[in-house]
Amino acid sequence: MAAATAADVAEDTASVYSGKLTLYVFLTCGVAATGGLIIGYDIGISGGVTSMDTFLGKFFPSVLHQEQTAQGTSQYCKFNSQPLTAFTSSLYLAALVASFFVASFTRALGRKWSMFGGGVSFLAGATLNGAARNVAMLIVGRILLGIGVAFCGLSTPIYLSEMAPPRLRGMLNIGLQLMITVGIFSANLVNYGAAKIRGGWGWRVSLGLAAAPACVIAVGSLFLPDSPSSLINRGRHEQARRVLRRIRGTDEVDDEYGDLVAAASEIEVYSGCSARRRPWRDVLQRRYRPQLAMAVLIPFFQQLTGINVIMFYAPVLFKTIGLGGDASLMSAVITGLVNIVATFVSIATVDSLGRRKLLFQGGCQMLVSQVIIGTLIGVVFGTSGDGNISRALAVCIVVFICVYVAGFAWSWGPLGVLLPSEIFPLEVRPAGQSISVAVNMLCTFAVAEAFLPMLCHMRFGLFYFFSGWVLVMTLFVSAFLPETKGVPIEKMTVVWRTHWFWGRFYCNQDADAHVQVANSKV
């Protein structure tokens, strides 16, 4: 019954809403999606830079010495260094703190200025890191990068979901994940080239070139219109109608415009006009409990797939299993290319197959490949970490890492960003997305901090640890995640109210209020 009701909403919307995928909205979403470049570039650049001897020699000489004298050291432990880990993870701690302030900024000034602020902050951090003279400059630069990631990570997914036609929301929103994968791949290519620069300054090129994607989103955002939902929420109704006409390519937008206004009017029906000033309190109310649970659990599960272990530390990990410096960087390039190609699979299927099927299939693929990777590494190095790996077996491990990355890239990667951005009602959307980003940053920080020590102590069992979590999240999705494909974000409440489990959080008064709002739309 629940699934049929949600499907009926999607079908009714497709028949009532006018408009199509216009070139204007495609270009607009494409420019906004470049916010993912800064996120992806940093993910890809960090692991490559920390595998460069010149970078380690300047900022972390003890790690370089440990690596070079690792004959008696476990392969699992030779890169274990708290200062090195802090360099990588400091960005995500900064993004965690910033995300709570970014929500108010995004709600008050709109999505486009939030994206602009992210680009400017990331540009400042890239400049500081490229010119770094000491570890303190590196960390301050990382903090500025983290603030930029918080701005873009919160505002861009919301913007894409609000601008896209409902039937194509998944495809256009996943453009953000595509840009993240392009950023990772570009960073891997930059690292591969920078490692060959003579004179020991190649790492400056890697870190400094983060300014390029920062400039793209900062400049591009200046030419973007704000989304109709954001404009309505700030009382700019006529401007919202004009933007809606342009992005839909038709003057017949009364039905969609009316639904957007009605969704904004739910604030008054439920709580009165003052609710506009208290989204943080409202998002904790019972009727938003289902969305809040997903906003917390989806990014939590996404990070416990172990993907950032691969993306942060791919060159270091490949060095650990016995590949040389150039070979490890090239292997990271290969996984980055797989990431891009597999993301196109999600773009092509997310609005036809739906979210649930992709998450289930991707979860099964990641589970199997992680178990195989852990087993192969365990066979070679055992629990002691001693031993040498053959080139053939190293290549085999890289292949299964690529299988794992592909499974993530068409499931938990893009959908971990899409789902939190499309499930919240307008009045609490920035606050809800802020919570999702904060959880993502907290979990990313924890994984980045813990990975090298966990690899040292858990050894190959670390991959079994992550595969266990993949099993848990796959079962969770099967039982508790409703299908949201094709359902307009202004009508998303029906998906939760008719769900077998989440429906209990909606009382009759809530349902009556929702009907009242729907009947009063203009």
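In case you wondered, yes, glycine gets a Cβ from its N, Cα and C as well.
Lifted from Swiss-Prot, the feature list:
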TOPO_DOM  1-24  topological domain 'Cytoplasmic'
TRANSMEM  25-45  transmembrane segment
TOPO_DOM  46-82  topological domain 'Extracellular'
TRANSMEM  83-103  transmembrane segment
TOPO_DOM  104-111  topological domain 'Cytoplasmic'
TRANSMEM  112-132  transmembrane segment
TRANSMEM  135-155  transmembrane segment
TOPO_DOM  156-169  topological domain 'Cytoplasmic'
TRANSMEM  170-190  transmembrane segment
TOPO_DOM  191-204  topological domain 'Extracellular'
TRANSMEM  205-225  transmembrane segment
TOPO_DOM  226-291  topological domain 'Cytoplasmic'
TRANSMEM  292-312  transmembrane segment
TOPO_DOM  313-329  topological domain 'Extracellular'
TRANSMEM  330-350  transmembrane segment
TOPO_DOM  351-361  topological domain 'Cytoplasmic'
TRANSMEM  362-382  transmembrane segment
TOPO_DOM  383-391  topological domain 'Extracellular'
TRANSMEM  392-412  transmembrane segment
TOPO_DOM  413-434  topological domain 'Cytoplasmic'
TRANSMEM  435-455  transmembrane segment
TOPO_DOM  456-459  topological domain 'Extracellular'
TRANSMEM  460-480  transmembrane segment
TOPO_DOM  481-522  topological domain 'Cytoplasmic'
Interface present between the transmembrane segment (135-155) and the transmembrane segment (83-103) (three or more C-beta pairs under 8 A): yes
Result, the transmembrane segment (135-155) in contact with the transmembrane segment (435-455) (3+ CB pairs under 8 Å): yes
Of 135-155, 330-350, 392-412, whichever stretch has the most CB pairs under 8 A to the transmembrane segment (170-190): 330-350
DSSP-derived helix, strand and coil totals, residue by residue, for the topological domain 'Extracellular' (456-459): 3 helix, 0 strand, 1 coil
The topological domain 'Cytoplasmic' (226-291): DSSP-derived helix, strand, coil residue counts: 50 helix, 0 strand, 16 coil
Recorded stretch, among 25-45, 112-132, 292-312, maximising Cβ pairs under 8 Å relative to the transmembrane segment (392-412): 292-312
Top Cβ-contact partner of the transmembrane segment (25-45) among 112-132, 362-382, 460-480 (pairs under 8 Å): 112-132
Secondary structure content, the topological domain 'Cytoplasmic' (413-434) (per DSSP, counts of residues): 19 helix, 0 strand, 3 coil
Among the ranges 112-132, 135-155, 292-312, 460-480, the one whose Cβ pairs under 8 Å to the transmembrane segment (362-382) are most numerous: 460-480
Secondary structure composition of the topological domain 'Cytoplasmic' (156-169) [DSSP: H/G/I, E/B, coil]: 12 helix, 0 strand, 2 coil
Long-range environment of the transmembrane segment (292-312) - Cβ separation under 8 angstroms, sequence gap at least 6: 43-44, 46-47, 88, 184, 283-284, 335, 366, 370, 401, 404-405, 408, 412-413, 416, 419-420, 423-424, 432-433, 435-437, 439-440, 443-444, 446-448, 451, 462-463, 466, 469-470, 472-473, 476, 481
Secondary structure composition of the topological domain 'Cytoplasmic' (104-111) [DSSP: H/G/I, E/B, coil]: 7 helix, 0 strand, 1 coil
Integer average pLDDT (0 to 100) for the topological domain 'Extracellular' (191-204): 88
